[in-house]
Amino acid sequence: MATTRLHRNEQINGWAFVMPALVLLGIFMIYPILWSLWMSFQVGRGNNFSFGGLANIQRLANDALLVHALSNTIIFFIIQVPIMIVLALLFAVALNDATLRFRGVFRTLLFLPCVTSLIAYSSLFKSMFSNDGIINQTLVSLHLIGAPIPWLTDPFWAKMVIITAITWRWTGYNMIFYLAALQNIDKSIYEAARIDGVPAWARFWNLTVPMLKPVILFTTILSTIGTLQLFDEVNNITQGGPGNGTMTLSLYIYNLTFRMMPSFGYSALVSWVIVAIVAVLSIVQFVIARDRRRAS
Amino acid sequence: MNMALLRRSATYVLLSLAAFISVFPFIWMALGATNKSNDIVTGRLSLGSNLLVNFQNLLAQVDLVRVFGNSFLIAIISTLLTLAVSSLAGYGFEIFRSRVRERVFQLLLLFLSIPFAALMVPLFVLISRAQLNNTFIAVILPTIASIFIIFYFRQATKAFPGDLRDAARVDGLKEWQIFLFVYLPTMRSTYAAATIIVFMGAWNNYLWPLIVLQTPENKTITLVISALTAAYTPDYGVILLATVLATLPTLIIFFVLQRQFVQGMLGAVK
(Lines of atoms letter the chains of each structure in order from A and count residues from 1; the text may use other names and numbers.)
(Lines give C-alpha, C1' and ligand atoms only; values in the text may rest on other atoms or scores of the structure.)
Protein backbone atom coordinates (compact mmCIF):
# COMPACT_ATOMS: atom_id res chain seq x y z
CA MET A 1 0.00 0.00 0.00
CA ALA A 2 2.70 2.44 1.05
CA THR A 3 4.98 1.41 -1.81
CA THR A 4 2.28 1.78 -4.47
CA ARG A 5 1.42 5.21 -3.17
CA LEU A 6 5.08 6.13 -3.25
CA HIS A 7 5.33 4.69 -6.75
CA ARG A 8 2.31 6.68 -7.92
CA ASN A 9 3.76 9.78 -6.33
CA GLU A 10 7.01 9.22 -8.23
CA GLN A 11 5.12 8.77 -11.50
CA ILE A 12 3.03 11.92 -11.08
CA ASN A 13 6.05 14.00 -10.11
CA GLY A 14 8.16 12.50 -12.86
CA TRP A 15 5.72 13.57 -15.54
CA ALA A 16 4.98 16.92 -13.87
CA PHE A 17 8.65 17.94 -13.94
CA VAL A 18 9.28 17.04 -17.58
CA MET A 19 5.87 18.03 -18.97
CA PRO A 20 6.43 21.76 -19.71
CA ALA A 21 9.51 20.91 -21.76
CA LEU A 22 7.82 18.01 -23.53
CA VAL A 23 4.79 20.12 -24.50
CA LEU A 24 7.02 22.86 -25.92
CA LEU A 25 9.23 20.38 -27.77
CA GLY A 26 6.13 18.72 -29.13
CA ILE A 27 4.81 21.99 -30.54
CA PHE A 28 8.05 23.57 -31.72
CA MET A 29 10.10 20.56 -32.78
CA ILE A 30 8.25 17.31 -33.33
CA TYR A 31 5.14 18.82 -34.88
CA PRO A 32 7.18 20.97 -37.36
CA ILE A 33 9.25 17.96 -38.39
CA LEU A 34 6.20 15.83 -39.06
CA TRP A 35 4.43 18.73 -40.71
CA SER A 36 7.33 19.40 -43.05
CA LEU A 37 7.23 15.75 -44.06
CA TRP A 38 3.60 16.31 -45.09
CA MET A 39 4.43 19.69 -46.65
CA SER A 40 7.11 18.04 -48.79
CA PHE A 41 4.30 16.78 -50.98
CA GLN A 42 2.57 20.15 -51.30
CA VAL A 43 3.03 22.61 -54.15
CA GLY A 44 1.99 26.26 -54.45
CA ARG A 45 3.13 29.69 -53.41
CA GLY A 46 3.20 31.15 -49.91
CA ASN A 47 0.45 29.93 -47.66
CA ASN A 48 -1.70 28.57 -50.51
CA PHE A 49 -0.63 25.03 -51.18
CA SER A 50 -2.18 21.87 -52.51
CA PHE A 51 -1.17 18.24 -52.87
CA GLY A 52 1.41 17.89 -55.64
CA GLY A 53 2.32 14.24 -55.45
CA LEU A 54 5.94 13.69 -56.38
CA ALA A 55 6.33 17.06 -58.14
CA ASN A 56 8.75 18.33 -55.50
CA ILE A 57 10.88 15.22 -55.70
CA GLN A 58 11.12 15.68 -59.47
CA ARG A 59 12.21 19.26 -58.92
CA LEU A 60 14.77 18.06 -56.37
CA ALA A 61 16.31 15.66 -58.87
CA ASN A 62 16.86 18.50 -61.37
CA ASP A 63 17.95 21.19 -58.92
CA ALA A 64 21.42 22.35 -59.98
CA LEU A 65 21.54 24.99 -57.26
CA LEU A 66 20.90 22.38 -54.59
CA VAL A 67 23.79 20.31 -55.95
CA HIS A 68 25.91 23.47 -55.77
CA ALA A 69 24.88 24.13 -52.17
CA LEU A 70 25.50 20.50 -51.26
CA SER A 71 28.96 20.38 -52.83
CA ASN A 72 29.93 23.67 -51.17
CA THR A 73 28.79 22.33 -47.81
CA ILE A 74 30.82 19.17 -48.37
CA ILE A 75 33.91 21.19 -49.39
CA PHE A 76 33.58 23.36 -46.26
CA PHE A 77 33.23 20.23 -44.18
CA ILE A 78 36.08 18.20 -45.69
CA ILE A 79 38.62 21.04 -45.61
CA GLN A 80 37.63 23.02 -42.56
CA VAL A 81 36.78 20.40 -39.93
CA PRO A 82 40.04 18.37 -40.13
CA ILE A 83 42.21 21.53 -40.07
CA MET A 84 40.33 22.87 -37.07
CA ILE A 85 40.39 19.60 -35.13
CA VAL A 86 44.10 19.01 -35.72
CA LEU A 87 44.93 22.59 -34.67
CA ALA A 88 42.71 22.32 -31.60
CA LEU A 89 44.36 19.02 -30.62
CA LEU A 90 47.87 20.46 -31.03
CA PHE A 91 47.02 23.54 -28.94
CA ALA A 92 45.36 21.40 -26.28
CA VAL A 93 48.35 19.06 -26.00
CA ALA A 94 50.75 22.03 -25.84
CA LEU A 95 48.67 23.74 -23.15
CA ASN A 96 48.28 20.56 -21.13
CA ASP A 97 52.01 20.64 -20.31
CA ALA A 98 52.18 21.74 -16.68
CA THR A 99 55.71 23.14 -17.13
CA LEU A 100 54.61 25.55 -19.86
CA ARG A 101 54.63 29.21 -18.80
CA PHE A 102 51.68 31.55 -19.38
CA ARG A 103 49.33 28.58 -19.90
CA GLY A 104 46.35 30.49 -18.53
CA VAL A 105 47.05 33.50 -20.75
CA PHE A 106 47.41 31.38 -23.88
CA ARG A 107 44.24 29.44 -23.06
CA THR A 108 42.24 32.62 -22.52
CA LEU A 109 43.49 34.26 -25.70
CA LEU A 110 42.90 31.18 -27.87
CA PHE A 111 39.39 30.85 -26.46
CA LEU A 112 38.56 34.53 -26.93
CA PRO A 113 37.04 34.24 -30.47
CA CYS A 114 34.21 32.17 -28.94
CA VAL A 115 32.70 35.22 -27.24
CA THR A 116 31.96 36.98 -30.52
CA SER A 117 28.62 36.61 -32.22
CA LEU A 118 28.69 34.99 -35.65
CA ILE A 119 27.39 38.19 -37.19
CA ALA A 120 29.89 40.44 -35.41
CA TYR A 121 32.96 38.41 -36.35
CA SER A 122 31.83 37.88 -39.93
CA SER A 123 31.49 41.65 -40.36
CA LEU A 124 35.06 41.96 -39.07
CA PHE A 125 36.30 39.39 -41.55
CA LYS A 126 34.48 41.06 -44.41
CA SER A 127 36.26 44.33 -43.63
CA MET A 128 39.68 42.69 -43.16
CA PHE A 129 39.50 40.75 -46.42
CA SER A 130 38.46 43.69 -48.62
CA ASN A 131 40.44 44.09 -51.81
CA ASP A 132 42.87 46.76 -50.55
CA GLY A 133 42.40 45.57 -46.98
CA ILE A 134 44.74 44.71 -44.17
CA ILE A 135 45.12 41.02 -45.12
CA ASN A 136 46.11 41.69 -48.73
CA GLN A 137 48.41 44.54 -47.69
CA THR A 138 50.16 42.36 -45.14
CA LEU A 139 50.59 39.46 -47.56
CA VAL A 140 51.91 41.76 -50.29
CA SER A 141 54.35 43.53 -47.97
CA LEU A 142 55.64 40.16 -46.73
CA HIS A 143 56.13 39.23 -50.42
CA LEU A 144 53.94 36.16 -49.94
CA ILE A 145 51.80 37.21 -52.88
CA GLY A 146 52.54 39.45 -55.86
CA ALA A 147 49.13 40.97 -56.44
CA PRO A 148 46.15 41.36 -54.11
CA ILE A 149 43.96 38.25 -53.88
CA PRO A 150 40.31 38.83 -54.92
CA TRP A 151 39.10 37.37 -51.62
CA LEU A 152 35.44 38.24 -51.88
CA THR A 153 34.93 38.38 -55.63
CA ASP A 154 36.33 35.00 -56.65
CA PRO A 155 34.37 31.82 -55.77
CA PHE A 156 37.48 29.87 -54.71
CA TRP A 157 38.96 32.61 -52.53
CA ALA A 158 35.57 33.42 -51.05
CA LYS A 159 35.37 29.81 -49.86
CA MET A 160 38.82 30.23 -48.32
CA VAL A 161 37.68 33.34 -46.44
CA ILE A 162 34.69 31.47 -45.03
CA ILE A 163 36.89 28.52 -44.05
CA THR A 164 39.45 30.83 -42.42
CA ALA A 165 36.71 32.68 -40.56
CA ILE A 166 35.05 29.54 -39.19
CA THR A 167 38.40 28.09 -38.17
CA TRP A 168 39.24 31.32 -36.32
CA ARG A 169 35.92 31.29 -34.48
CA TRP A 170 35.76 27.61 -33.43
CA THR A 171 39.30 26.24 -32.91
CA GLY A 172 39.52 27.52 -29.34
CA TYR A 173 36.09 26.11 -28.59
CA ASN A 174 37.15 22.61 -29.66
CA MET A 175 40.46 23.01 -27.84
CA ILE A 176 38.63 23.50 -24.55
CA PHE A 177 36.90 20.11 -24.97
CA TYR A 178 40.24 18.38 -25.63
CA LEU A 179 41.94 20.15 -22.74
CA ALA A 180 39.24 19.00 -20.33
CA ALA A 181 39.54 15.42 -21.62
CA LEU A 182 43.35 15.52 -21.39
CA GLN A 183 43.16 16.59 -17.77
CA ASN A 184 41.26 13.38 -17.00
CA ILE A 185 43.96 11.15 -18.48
CA ASP A 186 46.16 9.43 -15.93
CA LYS A 187 49.57 11.13 -16.06
CA SER A 188 51.41 7.94 -15.06
CA ILE A 189 50.74 6.43 -18.50
CA TYR A 190 52.76 9.25 -20.05
CA GLU A 191 55.50 8.88 -17.46
CA ALA A 192 55.78 5.16 -18.24
CA ALA A 193 55.88 5.82 -21.99
CA ARG A 194 58.52 8.50 -21.56
CA ILE A 195 60.70 6.26 -19.41
CA ASP A 196 60.35 3.54 -22.06
CA GLY A 197 61.74 6.03 -24.57
CA VAL A 198 58.58 6.50 -26.67
CA PRO A 199 59.10 9.71 -28.68
CA ALA A 200 56.70 12.64 -28.34
CA TRP A 201 54.91 12.24 -31.66
CA ALA A 202 54.35 8.52 -30.99
CA ARG A 203 52.95 9.37 -27.57
CA PHE A 204 50.61 11.80 -29.29
CA TRP A 205 49.39 9.32 -31.94
CA ASN A 206 49.37 6.12 -29.89
CA LEU A 207 48.29 7.43 -26.48
CA THR A 208 46.63 10.83 -26.73
CA VAL A 209 44.56 10.43 -29.87
CA PRO A 210 43.08 7.00 -28.98
CA MET A 211 42.20 8.17 -25.48
CA LEU A 212 40.56 11.31 -26.82
CA LYS A 213 38.62 9.41 -29.46
CA PRO A 214 35.19 9.82 -27.81
CA VAL A 215 35.69 13.60 -27.47
CA ILE A 216 37.05 13.88 -31.01
CA LEU A 217 33.98 12.04 -32.25
CA PHE A 218 31.71 14.29 -30.22
CA THR A 219 33.31 17.48 -31.54
CA THR A 220 33.26 16.09 -35.09
CA ILE A 221 29.52 15.54 -34.81
CA LEU A 222 29.07 19.06 -33.43
CA SER A 223 31.11 20.46 -36.33
CA THR A 224 29.14 18.41 -38.85
CA ILE A 225 25.90 19.86 -37.59
CA GLY A 226 27.56 23.28 -37.53
CA THR A 227 28.60 22.98 -41.17
CA LEU A 228 25.09 21.96 -42.22
CA GLN A 229 23.76 24.97 -40.28
CA LEU A 230 26.26 27.35 -41.86
CA PHE A 231 24.26 30.50 -42.49
CA ASP A 232 25.26 33.62 -40.54
CA GLU A 233 28.79 33.88 -41.98
CA VAL A 234 27.95 33.25 -45.62
CA ASN A 235 24.87 35.44 -45.48
CA ASN A 236 26.87 38.28 -43.95
CA ILE A 237 30.21 38.02 -45.77
CA THR A 238 29.29 36.87 -49.29
CA GLN A 239 25.51 36.34 -49.35
CA GLY A 240 26.20 32.99 -50.95
CA GLY A 241 28.17 34.51 -53.79
CA PRO A 242 30.07 35.16 -55.88
CA GLY A 243 28.26 33.01 -58.41
CA ASN A 244 26.81 30.83 -55.64
CA GLY A 245 30.39 29.89 -54.74
CA THR A 246 29.60 29.99 -51.02
CA MET A 247 25.94 28.97 -51.17
CA THR A 248 25.16 26.59 -48.30
CA LEU A 249 22.19 24.33 -47.60
CA SER A 250 20.78 26.55 -44.85
CA LEU A 251 21.15 29.68 -46.96
CA TYR A 252 19.53 27.90 -49.90
CA ILE A 253 16.52 26.90 -47.81
CA TYR A 254 16.29 30.46 -46.52
CA ASN A 255 16.44 31.85 -50.07
CA LEU A 256 13.87 29.33 -51.29
CA THR A 257 11.49 30.32 -48.53
CA PHE A 258 11.99 34.03 -48.09
CA ARG A 259 13.85 35.48 -51.08
CA MET A 260 12.78 33.67 -54.22
CA MET A 261 9.16 32.77 -55.07
CA PRO A 262 8.22 31.34 -51.69
CA SER A 263 7.51 27.65 -52.05
CA PHE A 264 7.13 26.14 -48.60
CA GLY A 265 6.53 22.64 -49.91
CA TYR A 266 9.80 22.48 -51.79
CA SER A 267 11.73 24.14 -48.92
CA ALA A 268 10.32 21.50 -46.60
CA LEU A 269 11.58 18.74 -48.86
CA VAL A 270 15.06 20.29 -48.97
CA SER A 271 14.91 20.52 -45.16
CA TRP A 272 14.32 16.79 -45.10
CA VAL A 273 17.42 16.33 -47.23
CA ILE A 274 19.36 17.93 -44.35
CA VAL A 275 17.69 15.65 -41.80
CA ALA A 276 18.59 12.63 -43.93
CA ILE A 277 22.22 13.77 -44.27
CA VAL A 278 22.52 14.30 -40.51
CA ALA A 279 21.09 10.84 -39.86
CA VAL A 280 23.42 9.11 -42.32
CA LEU A 281 26.51 11.02 -41.12
CA SER A 282 25.78 10.28 -37.46
CA ILE A 283 25.44 6.56 -38.22
CA VAL A 284 28.66 6.55 -40.29
CA GLN A 285 30.61 8.35 -37.58
CA PHE A 286 29.43 5.97 -34.88
CA VAL A 287 30.22 2.90 -36.98
CA ILE A 288 33.74 4.18 -37.73
CA ALA A 289 34.34 4.87 -34.07
CA ARG A 290 33.09 1.43 -33.07
CA ASP A 291 35.18 -0.40 -35.67
CA ARG A 292 38.32 1.46 -34.69
CA ARG A 293 37.69 0.61 -31.06
CA ARG A 294 37.33 -3.06 -31.95
CA ALA A 295 40.46 -3.04 -34.10
CA SER A 296 42.65 -1.47 -31.45
CA MET B 1 68.67 18.41 -24.27
CA ASN B 2 69.09 20.81 -27.17
CA MET B 3 66.24 19.03 -28.92
CA ALA B 4 63.95 19.63 -25.94
CA LEU B 5 64.87 23.31 -25.87
CA LEU B 6 64.17 23.60 -29.59
CA ARG B 7 60.80 21.93 -29.22
CA ARG B 8 59.96 24.16 -26.28
CA SER B 9 60.83 27.29 -28.28
CA ALA B 10 58.81 26.06 -31.25
CA THR B 11 55.82 25.55 -28.95
CA TYR B 12 56.07 29.12 -27.66
CA VAL B 13 56.39 30.54 -31.16
CA LEU B 14 53.43 28.52 -32.41
CA LEU B 15 51.24 29.40 -29.43
CA SER B 16 52.17 33.08 -29.61
CA LEU B 17 51.34 33.17 -33.30
CA ALA B 18 48.00 31.46 -32.67
CA ALA B 19 47.25 33.82 -29.79
CA PHE B 20 48.07 36.80 -32.00
CA ILE B 21 45.75 35.58 -34.76
CA SER B 22 43.02 35.00 -32.15
CA VAL B 23 43.31 38.49 -30.75
CA PHE B 24 44.03 40.46 -33.91
CA PRO B 25 40.39 40.82 -35.09
CA PHE B 26 39.53 42.30 -31.66
CA ILE B 27 42.29 44.90 -32.05
CA TRP B 28 41.13 45.50 -35.61
CA MET B 29 37.58 46.01 -34.37
CA ALA B 30 38.58 48.44 -31.60
CA LEU B 31 40.86 50.49 -33.87
CA GLY B 32 38.38 50.37 -36.74
CA ALA B 33 35.69 51.92 -34.59
CA THR B 34 37.85 55.06 -34.45
CA ASN B 35 38.57 55.23 -38.18
CA LYS B 36 36.83 56.34 -41.36
CA SER B 37 35.34 53.65 -43.58
CA ASN B 38 37.81 54.46 -46.38
CA ASP B 39 40.75 54.02 -44.05
CA ILE B 40 39.38 50.71 -42.81
CA VAL B 41 38.97 49.08 -46.21
CA THR B 42 42.49 50.19 -47.11
CA GLY B 43 43.84 48.51 -44.02
CA ARG B 44 44.72 51.38 -41.72
CA LEU B 45 45.93 49.93 -38.43
CA SER B 46 46.22 52.82 -36.03
CA LEU B 47 44.05 54.85 -33.73
CA GLY B 48 41.92 57.29 -35.72
CA SER B 49 39.97 60.37 -34.73
CA ASN B 50 36.64 59.42 -36.22
CA LEU B 51 35.08 57.70 -33.20
CA LEU B 52 32.63 60.49 -32.43
CA VAL B 53 31.60 60.88 -36.06
CA ASN B 54 31.04 57.12 -36.33
CA PHE B 55 28.97 57.25 -33.17
CA GLN B 56 26.86 60.11 -34.52
CA ASN B 57 26.38 58.29 -37.83
CA LEU B 58 25.35 55.15 -36.00
CA LEU B 59 22.87 57.08 -33.88
CA ALA B 60 21.47 58.74 -37.00
CA GLN B 61 20.74 55.37 -38.61
CA VAL B 62 19.78 53.26 -35.62
CA ASP B 63 17.72 53.79 -32.47
CA LEU B 64 20.49 52.32 -30.30
CA VAL B 65 18.61 52.38 -27.00
CA ARG B 66 15.66 50.60 -28.55
CA VAL B 67 17.79 48.03 -30.38
CA PHE B 68 19.88 47.19 -27.32
CA GLY B 69 16.72 47.15 -25.22
CA ASN B 70 15.21 44.59 -27.61
CA SER B 71 18.34 42.44 -27.53
CA PHE B 72 18.54 42.51 -23.73
CA LEU B 73 14.81 41.90 -23.28
CA ILE B 74 14.80 38.89 -25.60
CA ALA B 75 18.02 37.47 -24.17
CA ILE B 76 17.01 37.88 -20.52
CA ILE B 77 13.49 36.48 -20.88
CA SER B 78 14.76 33.60 -23.03
CA THR B 79 17.39 32.79 -20.44
CA LEU B 80 15.00 32.83 -17.48
CA LEU B 81 12.38 30.68 -19.20
CA THR B 82 14.88 28.27 -20.74
CA LEU B 83 16.58 27.70 -17.39
CA ALA B 84 13.26 27.16 -15.62
CA VAL B 85 11.72 24.75 -18.12
CA SER B 86 14.88 22.86 -19.06
CA SER B 87 16.30 22.46 -15.56
CA LEU B 88 12.93 21.14 -14.33
CA ALA B 89 12.99 18.56 -17.12
CA GLY B 90 16.63 17.60 -16.60
CA TYR B 91 15.97 17.13 -12.88
CA GLY B 92 12.77 15.19 -13.58
CA PHE B 93 14.40 12.77 -16.02
CA GLU B 94 17.27 12.04 -13.64
CA ILE B 95 15.46 11.85 -10.27
CA PHE B 96 12.20 10.12 -11.20
CA ARG B 97 13.19 7.21 -13.38
CA SER B 98 10.71 5.15 -15.35
CA ARG B 99 11.04 3.04 -18.46
CA VAL B 100 8.72 5.20 -20.56
CA ARG B 101 10.46 8.45 -19.62
CA GLU B 102 13.84 6.86 -20.34
CA ARG B 103 12.60 6.05 -23.87
CA VAL B 104 11.30 9.62 -24.27
CA PHE B 105 14.69 10.96 -23.21
CA GLN B 106 16.52 8.77 -25.75
CA LEU B 107 14.14 10.02 -28.42
CA LEU B 108 15.01 13.62 -27.47
CA LEU B 109 18.73 12.87 -27.85
CA LEU B 110 18.04 11.74 -31.42
CA PHE B 111 16.43 15.11 -32.13
CA LEU B 112 19.47 16.91 -30.70
CA SER B 113 21.34 16.72 -34.00
CA ILE B 114 18.59 18.11 -36.21
CA PRO B 115 19.80 21.47 -37.57
CA PHE B 116 17.58 24.50 -37.12
CA ALA B 117 17.53 25.01 -40.89
CA ALA B 118 15.37 21.91 -41.16
CA LEU B 119 12.79 23.39 -38.77
CA MET B 120 12.61 27.02 -39.81
CA VAL B 121 10.12 26.69 -42.66
CA PRO B 122 7.39 24.81 -40.75
CA LEU B 123 8.10 26.96 -37.67
CA PHE B 124 7.59 30.10 -39.72
CA VAL B 125 4.28 28.80 -41.10
CA LEU B 126 3.21 27.82 -37.57
CA ILE B 127 4.10 31.24 -36.15
CA SER B 128 2.35 33.06 -39.01
CA ARG B 129 -0.82 31.03 -38.53
CA ALA B 130 -0.78 31.81 -34.82
CA GLN B 131 -0.48 35.47 -35.87
CA LEU B 132 2.64 35.87 -33.76
CA ASN B 133 4.73 37.22 -36.62
CA ASN B 134 6.95 40.18 -35.72
CA THR B 135 6.60 39.59 -31.97
CA PHE B 136 9.21 38.82 -29.32
CA ILE B 137 7.06 35.89 -28.20
CA ALA B 138 7.68 34.26 -31.59
CA VAL B 139 11.44 34.73 -31.15
CA ILE B 140 11.48 33.37 -27.59
CA LEU B 141 8.91 30.55 -27.47
CA PRO B 142 10.55 27.98 -29.79
CA THR B 143 13.90 28.27 -27.97
CA ILE B 144 12.70 27.70 -24.41
CA ALA B 145 12.71 23.89 -24.34
CA SER B 146 16.33 23.23 -25.25
CA ILE B 147 17.27 19.55 -25.51
CA PHE B 148 20.89 20.54 -25.03
CA ILE B 149 20.17 22.32 -21.73
CA ILE B 150 17.87 19.50 -20.55
CA PHE B 151 20.72 17.08 -21.21
CA TYR B 152 23.15 19.41 -19.44
CA PHE B 153 21.00 19.57 -16.32
CA ARG B 154 20.39 15.83 -16.30
CA GLN B 155 24.15 15.23 -16.36
CA ALA B 156 24.73 17.78 -13.60
CA THR B 157 21.92 16.32 -11.47
CA LYS B 158 23.86 13.05 -11.22
CA ALA B 159 26.14 14.92 -8.80
CA PHE B 160 23.21 16.14 -6.65
CA PRO B 161 23.53 14.23 -3.33
CA GLY B 162 20.64 11.81 -2.73
CA ASP B 163 21.08 12.28 1.03
CA LEU B 164 20.00 15.90 0.73
CA ARG B 165 16.80 14.88 -0.99
CA ASP B 166 16.07 12.10 1.51
CA ALA B 167 16.61 14.46 4.42
CA ALA B 168 14.29 17.02 2.85
CA ARG B 169 11.65 14.35 2.35
CA VAL B 170 11.89 13.27 5.99
CA ASP B 171 11.38 16.91 6.91
CA GLY B 172 8.11 16.71 4.97
CA LEU B 173 9.01 18.90 1.99
CA LYS B 174 6.99 18.39 -1.18
CA GLU B 175 8.85 17.53 -4.38
CA TRP B 176 8.53 21.02 -5.86
CA GLN B 177 9.76 22.48 -2.57
CA ILE B 178 12.80 20.19 -2.68
CA PHE B 179 13.53 21.40 -6.19
CA LEU B 180 13.08 25.04 -5.32
CA PHE B 181 14.67 25.23 -1.86
CA VAL B 182 17.22 22.40 -1.86
CA TYR B 183 18.23 21.60 -5.45
CA LEU B 184 18.33 25.13 -6.84
CA PRO B 185 20.63 26.64 -4.18
CA THR B 186 22.88 23.55 -4.24
CA MET B 187 23.32 23.69 -8.02
CA ARG B 188 24.15 27.40 -8.20
CA SER B 189 27.31 26.89 -10.26
CA THR B 190 25.45 24.67 -12.75
CA TYR B 191 22.84 27.38 -13.17
CA ALA B 192 25.54 30.03 -13.57
CA ALA B 193 27.22 28.08 -16.35
CA ALA B 194 23.92 27.34 -18.10
CA THR B 195 22.91 31.01 -17.81
CA ILE B 196 26.00 32.02 -19.73
CA ILE B 197 25.50 29.58 -22.62
CA VAL B 198 21.80 30.33 -22.97
CA PHE B 199 22.27 34.10 -22.71
CA MET B 200 25.08 34.03 -25.29
CA GLY B 201 22.96 31.93 -27.62
CA ALA B 202 19.97 34.26 -27.32
CA TRP B 203 22.05 37.45 -27.55
CA ASN B 204 23.84 36.23 -30.69
CA ASN B 205 20.88 34.51 -32.32
CA TYR B 206 20.47 35.64 -35.91
CA LEU B 207 18.60 33.37 -38.31
CA TRP B 208 15.33 32.96 -36.40
CA PRO B 209 14.98 36.65 -35.41
CA LEU B 210 15.83 37.55 -39.03
CA ILE B 211 12.87 35.49 -40.19
CA VAL B 212 10.41 36.55 -37.50
CA LEU B 213 11.18 40.21 -36.77
CA GLN B 214 10.40 42.47 -39.72
CA THR B 215 9.83 46.04 -38.54
CA PRO B 216 12.77 48.32 -37.58
CA GLU B 217 11.48 49.00 -34.06
CA ASN B 218 11.70 45.26 -33.25
CA LYS B 219 15.21 44.60 -34.58
CA THR B 220 17.99 43.27 -32.37
CA ILE B 221 21.63 44.36 -32.50
CA THR B 222 22.74 41.34 -34.56
CA LEU B 223 20.06 42.12 -37.16
CA VAL B 224 21.18 45.74 -37.27
CA ILE B 225 24.85 44.83 -37.79
CA SER B 226 24.00 42.46 -40.62
CA ALA B 227 21.77 45.09 -42.25
CA LEU B 228 24.56 47.70 -42.00
CA THR B 229 27.05 45.22 -43.48
CA ALA B 230 24.71 44.32 -46.35
CA ALA B 231 24.35 47.99 -47.43
CA TYR B 232 25.45 48.84 -50.97
CA THR B 233 28.26 51.03 -49.65
CA PRO B 234 28.79 49.78 -46.10
CA ASP B 235 30.23 52.33 -43.64
CA TYR B 236 32.77 50.16 -41.85
CA GLY B 237 33.53 52.74 -39.18
CA VAL B 238 29.91 52.56 -38.10
CA ILE B 239 29.78 48.77 -38.48
CA LEU B 240 32.90 48.12 -36.41
CA LEU B 241 31.67 50.49 -33.72
CA ALA B 242 28.39 48.56 -33.64
CA THR B 243 30.24 45.24 -33.36
CA VAL B 244 32.28 46.63 -30.46
CA LEU B 245 29.04 47.55 -28.68
CA ALA B 246 27.45 44.17 -29.48
CA THR B 247 30.50 42.22 -28.32
CA LEU B 248 31.09 44.15 -25.08
CA PRO B 249 28.36 42.42 -23.00
CA THR B 250 29.55 38.90 -23.83
CA LEU B 251 33.19 39.94 -23.48
CA ILE B 252 32.50 41.31 -19.99
CA ILE B 253 30.60 38.17 -18.99
CA PHE B 254 33.52 36.09 -20.24
CA PHE B 255 36.16 37.95 -18.25
CA VAL B 256 34.12 38.18 -15.06
CA LEU B 257 32.88 34.58 -15.07
CA GLN B 258 35.59 32.81 -17.01
CA ARG B 259 35.42 29.55 -15.03
CA GLN B 260 31.64 29.16 -15.33
CA PHE B 261 31.86 30.20 -18.96
CA VAL B 262 34.22 27.36 -19.85
CA GLN B 263 32.31 24.98 -17.57
CA GLY B 264 29.12 25.78 -19.44
CA MET B 265 30.71 25.09 -22.80
CA LEU B 266 31.98 21.76 -21.51
CA GLY B 267 28.70 20.77 -19.88
CA ALA B 268 27.72 18.30 -22.55
CA VAL B 269 30.69 15.96 -22.39
CA LYS B 270 31.06 15.47 -18.63
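From the backbone N, Cα and C atoms, a Cβ is placed for every residue, glycine too.
TrEMBL entries are annotated by machine, without manual review.
Taken from TrEMBL, the feature domain 'ABC transmembrane type-1' applies to B:68-257.
The transmembrane segment annotation in TrEMBL covers B:72-93 (among others). If one looks beyond the transmembrane segment (B:72-93) by at least 6 residues along the same chain, the residues whose Cβ comes under 8 Å of a Cβ in the stretch are 101-102, 105, 136, 139-140, 143-146, 149-157, 179, 183, 187, 191, 194-195, 198-199, 202-203, 205, 209, 220.
Positions annotated as transmembrane segment by TrEMBL: B:105-127 (among others).
Annotated transmembrane segment per TrEMBL: B:133-153 (among others), in sequence order. With a cut-off of 8 Å between Cβ atoms, the residues of this chain six or more beyond the transmembrane segment (B:133-153) that come close are 70, 73-74, 77-78, 81-83, 85-87, 89-91, 93-94, 108-109, 111-112, 119, 123, 127, 190, 194, 197-198, 201-202, 205, 208-209, 212-215, 218, 267-268.
Feature annotation from TrEMBL assigns transmembrane segment to B:178-203 (among others).
Annotation comment: TrEMBL describes B:236-257 (among others) as transmembrane segment.
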Remote residues contacting the transmembrane segment (B:236-257) - C-beta distance under 8 A, at least 6 residues beyond either end: 28-30, 32-37, 40-41, 50-51, 53-55, 57-58, 61-62, 64, 68, 71, 192, 196, 199-200, 203-204, 221-222, 224-225, 228-229
